[in-house]
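Structure first, commentary second.
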Amino acid sequence: MKYLIKAKIEVEGLVDRHDIIGAIFGQTENLFGEEFDLRKLQDRGRIGRVQVDIKHEGTRTIGEVVVPSNLDRVETALVAAMLESVEKVGPYKAQIRVYDIVDVRAQKIKRIVERAKEILRIWSLEKTPDLREVLREISEAVKRAEVIEYGPERLPAGPDVDKSDEIIIVEGRADVINLLRYGYRNVIALEGARGKIPETIIKLAKTKKAIAFVDGDHGGDLILWELLKVADIDYVAKAPPGKEVEELTGKEIARALRNLIPAREYLQILERKFKPKPAVEERPQPPQPQPPAVQPVQPTLQPTVTTVEVVREAKPEKPTVQVEVETFEIPPSVIEEVKKLSGTLEAVLYDSKWNPIERVSVRDVYNVLEKMEPGKVYAVAYDGIVTQRMLDIAAEKQVRLLIANRIGNIEKRPPKVGILTFSDLT
């Protein structure tokens, strides 16, 4: 329907809805010929169902009449005037007055325009041509005006930090300005925090999805190290190695925010980097030398396959230590593909014949494995960390081998899952 005719009705007596509808159709019948009769127009779909909403006040009936119209503007106005020609409902005097004709298409156009603006904004985040150097002087004055001071610490921030369910935490004011330039308005800065994270950031991270976006250098890791210890951060995004957030282009920012790393997983990387390795407490053993819990043997490349031995310590029933050795034959072509995974944040699932089953993002590999039938996946190679959670799902799904970038903190090791790192294959 194109239009909605809205009218008020007053009847000097108590009547029902069907009395009013009958009066409208009866008193307008053939006023302008059979072709413009309301019943005929309704049968042809030119007007919609007449809607009447009434209530009784003392001895009077008042209410509203709504008639949807698919006619043009002139014909719709004529139908509206016909409604006002109704003078009686049953034996009682009545009065109908049209108070509005709503253009349904105008409302629809308004919704379309608003949606188009939203689509353009989202599209611009990733598709904007890299004209930063050309437009820097012009846009700087506009974008600087959007930087606000947030919280008692007066932290530099974008205008949507309060409204958005998600915030992006960066280091300084220059980072905020750069992200605002490309349309990211839910950004807030630590303002060069060292040692003490602002209380405002800690409170925001408790109630919103928080992404920490830092420079791709050692300084960025130091900030993350302090931030992740006190704030409930959900994900980590890093600038490309050697680059700062304030100098990234729109495409580089979008790429970094697509390749998010779970904060808990990145904290394990930082713990290995910044914390001293704890001394390993060993139980008293007979004087015989102890073999390592896991000793990957460097694979020797053969014309067709590579053999990798994974050594595990078996539980001895006697003082003598027994060693269980499992051998994995990895084709050289697979080794080359695994080496290429470094830096991609991707994972490849293989069957027992080393045929690729699926290639997924590292952050999705756990969920993909959860849906797999036990025994279908033989090995998983991924650019990530071997965590306890990953080992547990591998054991549950009968995965025989995990090949990853590095090994995290592991409390309990499943006996039937082998572990190798990328460095073991070089």
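Positions of Cβ are set from backbone N, Cα and C atoms, glycine also.
As given in Swiss-Prot:
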type     : residues       : note
DOMAIN   : 165-241        : domain 'Toprim'
BINDING  : GLU171, ASP215 : Mg(2+) 1 binding site
BINDING  : ASP215, ASP217 : Mg(2+) 2 binding site
REGION   : 278-298        : region 'Disordered'
COMPBIAS : 285-294        : compositional bias 'Pro residues'
Would you mind ranking the binding-site residues GLU171, ASP215, ASP217 by how many other Cβ atoms sit within 10 Å of each Cβ and giving me the lowest? ASP217
Cα of ASP217 (Mg(2+) 2 binding site) to Cα of GLU171 (Mg(2+) 1 binding site), in Å and rounded, measures 13
Quick one: mean pLDDT on the domain 'Toprim' (165-241)? 88
